[in-house]
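Engineer: A single structure is presented below for examination.
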Amino acid sequence: LFCNAGVEPYIITADWHSILIAADNKEKIEEGGPLRKYVRGLECTDNCSSITIKFYLKFHGVCFIFESVAQKKGEVYHTRYMGENIIKFIRISDRTIVFCLENFDGVKTTKLTQLLGSKDGNLSSDTRSQPQGAYNTTLYPF
């Protein structure tokens, strides 16, 4: 997996919001793309053996809320949404984490990195630019 650090369980359960997103297949994260999700919360259960991801998707101008439960297998989490997904988290600070996802849609694997901030929203410009090195692509701010 492209992200190689973990996050302590006490950091995961919180209200989060998407700040930036990058992917090696930008069509998947452009406006209306199937992986352009707006994360709103994470909930760790059973000592993080599973994580519930709450997110919004915008379809034809209307936002829909979704929940996906990811099960821990080894050092990563697995869930199904628009194909098979492998997820890992990187802690930047108590108020910021990076959500790393590999999505296999049955044809192609897409690697996605998303910067999530806590609801207080007090992030420095340095923190906002940290995930850019993950891919040679444009970051899409939310």
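Backbone N, Cα and C atoms are what each Cβ position is placed from, and that goes for glycine too.
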Engineer: Quick check on the annotations: TrEMBL lists region 'Disordered' for one of 101-121, 122-142. Which range is it?
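Structural biologist: Based on what TrEMBL states, region 'Disordered' spans 122-142.
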Engineer: Give me the DSSP three-state residue breakdown of the domain 'Lipocalin/cytosolic fatty-acid binding' (16-119), ordered helix, strand, coil.
Structural biologist: 3 helix, 73 strand, 28 coil
